[in-house]
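In TrEMBL this protein carries:
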type	residues	note
DOMAIN	30-195	domain 'Histone acetyl transferase HAT1 N-terminal'
SITE	TRP207	site 'Interaction with histone H4 N-terminus'
DOMAIN	213-283	domain 'N-acetyltransferase'
BINDING	GLN255, GLY256, LYS257, GLY258, LEU259, GLY260, SER261	acetyl-CoA binding site
ACT_SITE	GLU282	active site, proton donor/acceptor
Amino acid sequence: MVQKQQSAAGLDTEPKKRRRVGFSPVDTGVEANECIKIYLVSSKEEVDSPEISCVTPVDLNDFFDGDGKIYGYQGLKINVWINSISLHSYADITYQSTINGDKGITDLKSSLQKIFAETIVDNKDEFLQTFSTEKDFIRNMVSNGEVIHSGVTDGSRNNAVVAQSDLQVLRMEIGSPNAGLLYSRLVPLVLLFVDGSNPIDVTDPDWHLYLLIQKKEEKEEPYRIVGFTAIYKFYRYPDRLRMRLSQILVLPSFQGKGLGSYLMEVVNKVAVAENVYDLTVEEPSEKFQHIRTCIDISRLLAFDPIKPAIDSAVQTLTKGKLSKKAQIPRFTPPLSAIEQVRETLKINKKQFLKCWEILIYLALDPIDKYMEDYTSVITNHVRTDILGKDIEAPKKQVVDVPSSYELEASFVVFKSLNGEETNSNVQVDENKPDQEQQLKQLVEERIKEIKLVAEKVSKVKI
């Protein structure tokens, strides 16, 4: 091996200094949920006021790339103010210092624009001016809207800070003048407060906005959007239309006042008046499903044509110990009742089956006496929902069996007692205890939901 020789002069020189290698400091970041607060305000005096409480949005971490954290800032605080009159927004961003760590520095402006888009205003003074310069925005936007309902509804209760005499529901086709612009300003509210929702296609004329407006006669008082819902109409063969409710929101400052029920009752009236095939809801949240079911139960209790079917189901359930029987009847409504409810009330089959369980519960008196049998019925329903099959109907099953005659062509045919299909080979489920525990938990949750609805409906009746 040939080695490079050092010169004599090289031996006398000072040793070379080692080059320092810099490492970026570790930045653990901060979750968006921890440093961002959202405020809905209706006047410039409310901006920065300590008396205004922040509202709780959905998971803000979802709007930030990767792990939902913001990097590069020490002591970061972001207060976002939303003008509930013009729907503009302003982000007040403060921090102690920046640090260009191993994750870089998050571009806050582009991240916030993912939520607020063109509604966000860079300058605070400009934002404060929108309370005066755009105070008639809602009034102007809905001027061409179709008035669907004004004032009180049949089933609504007036426990809101908004007098129902000041309420109005207007309908706007998304392709109509102003509707697209109005919805574009509503999109940030959809993203922030409607979990898992995405903006609708404003180029599709089959979308309609139903806007719940607080409207006062005084000219100086601005219109306010209390809530809204987006509904899609689509064709059903051969000559009917169906309505699908996709998004519904009551603004946080108006929630808990019965206004969601108010809006839903108006939508139900429209479905009946326009004789659509039925009304469906796209992936309802638990909270909205509870409100919807309470409304539908009240309507069904006043619907006389199904009362004989309810009485018949209750009579069968109260005869004996169903929980001791090997096969429990399904206790589903007759097809004629399902059709009558759909045609008259526009309640779809899936929703009616949920309501049917509650109608039976309400009709059992005393409920404690029959609770064990009722629980057996609900267990049967939940098990069927999980399996996706009707466990009551017997079905023929083909099962391969070992045979010395011909291994590939031996089988037996039998009719299952509970109608459950099996795999090609009968196997013992080693996880059955776990499945039974999960089933029990699901049944308990279903019964809890039933009791909550029954309790609320009973209070309204009183």
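These residue numbers are counts, starting from 1, taken along the chain as shown.
Just so you know, glycine gets a Cβ as well, placed from its N, Cα and C.
Every protein chain shown contributes to the tally, and the Cβ of TRP207 (site 'Interaction with histone H4 N-terminus') ends up with 20 other Cβ atoms within 10 Å.
Here the domain 'N-acetyltransferase' (213-283) returns a mean pLDDT of 93 for the predicted model. Within 10 Å of the C-beta of GLY260 (acetyl-CoA binding site) there are 23 other C-beta atoms, taking all protein chains into account.
There are 23 other Cβ atoms within 10 Å of the Cβ belonging to LEU259 (acetyl-CoA binding site).
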